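The next block holds one structure in the form of C-alpha cells; read it before the comments.
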Amino acid sequence: MLDIRLFRNEPDTVKSKIELRGDDPKVVDEILELDEQRRKLISATEEMKARRNKVSEEIALKKRNKENADDVIAEMRTLGDDIKEKDSQLNEIDNKMTGILCRIPNLISDDVPQGESDEDNVEVKKWGTPREFSFEPKAHWDIVEELKMADFDRAAKVSGARFVYLTNEGAQLERALMNYMITKHTTQHGYTEMMVPQLVNADTMYGTGQLPKFEEDLFKVEKEGLYTIPTAEVPLTNFYRNEIIQPGVLPEKFTGQSACFRSEAGSAGRDTRGLIRLHQFDKVEMVRFEQPEDSWNALEEMTTNAEAILEELGLPYRRVILCTGDIGFSASKTYDIEVWLPSYNDYKEISSCSNCTDFQARRANIRFKRDKAAKPELAHTLNGSGLAVGRTFAAIVENYQNEDGTVTIPEALVPFMGGKTQISKPVK
C-alpha cells in the first residue's frame, strides 16, 4: 500500500507511475477527494469534542452551584449524537479510501524500462551456451514418462488437469533439488531455513498483496476461511506482520521450501503439457527484510543467489528486467531469470526476484528500529524464487538428456541423489 502523503505531496508523480502500468490515474483524484473530506470531518469532530469537554465542565459547575443545567445537558446529548454521526461518516470514508488504496500497485522504480508486455522486457545478462544436440532432443514431458519419472494421466484421474505424480527417480530428483537449493542458500548465501504454514488467513494474503485484487488466482478453504499459499513468500513475509523488528536484527534473510497452489486463471491454453504450469508445484523461496537504504543492493545480491543455483547446475539462463507493463502488483522492480528449455527453443521463467520497497511492509505493518531510542520505520521487503523446483527439474531433464534415452545427473546434484549419476528406465 502506498503512503497517503505521496498522494497529497506528489499527486502528479503517482499518476504518472500508475499510467506506466497501464492503469487509470483517476484513482489519485478519488483518493485526494476522500482525503479532503476525511480531514474536514476530523477537524469538525475535534471541534465538537472540544466543545463537549467544555460543556461537561459547565454542567459540573452548575451542579456544584445548584443551578439548573437542563440546557447544557441537552447540548451535551446533541453533541454526543453529532459526534457519533461524524465518527460513522469518518469510518465510511476510511473504508472507501482503504478499499481504493489496497488495489493501487506499488510505484515503479525509475530504472524500470517502459513497455506493455513481456515482449518489452529487457535482457541484461546471459550465462552459458545452449547445448547443440547431435540427435533430435525430446521434450521433458515425453522423457519423464518414458523413464517412469512422472505420471500425468493418473494425476488427472485423481485431481484433474495440471497435476502430476512424480514417481521413482522423478520423486527422488525433485527431493534432491529442494535439498540442494536449501542447503546452498543456508550454507553459502546466509539464509535462515524456515518451514512454513501452507494454509494462511485473509490478513496474511492482504499483507503481501494477493488480496483483495487477485482472489480469483487463489484456492480457498471456504469452511475455515483459509487460503492455500501461492508461494512461500506469503508466510515468510508475514512472519513479522504487526511487529517491530528490534535493533541489530536486519538484514533478515529467510529461505523455505513449500508446495505452491495457483488456479492459473487466465492461462488456459498456455503451457498445457509437462511441468511448466501446474496447479500445485514445489518452490524454494528467498525473502529478505532490509533497511530502506540497503534494499537495492539486496535485490542484486538475492538475484545472484538464485543465478548461482543455475550456474552450479550448468543450466544456461538469462536475466531480464520486467518492463512497466509486466511487473507484479507489489514490486517496484523485478528481475526474471529465465532458463533455456530445448523443447521451447527459448528461455522460460524460473525465478522472479523483486524489491517491494515499503509497499508490503505498510500493508502488513512491518517496522524496525535502528536503535532502542529510535522511532519505528517501515522495513523494505524483497522476495525471490530460489528456484521453482519443477521448472528446474524440466530444465535438467531436457538439457542433460542423452541419445540412448537416459538423463545425466548434474555433478552438483549427485550427492543429493545418493551418488547416482544417471537416470535410466526402470527394469520393471
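Placement of Cβ uses the backbone N, Cα and C atoms for every residue, glycine included.
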Matching residue for the L-serine site, where Swiss-Prot names Thr231, Ala232, Glu233, Ser385 - out of Glu193, Glu285, Glu338: Glu285
Ala232, Glu233, Glu285, Ser385 filtered to the binding-site residues whose C-alpha is within 10 Å of Ile350 (ATP binding site): Ser385
DSSP-derived class (H/G/I helix, E/B strand, else coil) of Glu233 (L-serine binding site): helix
Distance from Ser385 (L-serine binding site) back to Ser352 (ATP binding site), taken between C-alpha atoms, in Å: 6
Residue among the binding-site residues Glu264, Glu285 whose Cβ has the most other Cβ atoms within 10 Å: Glu285
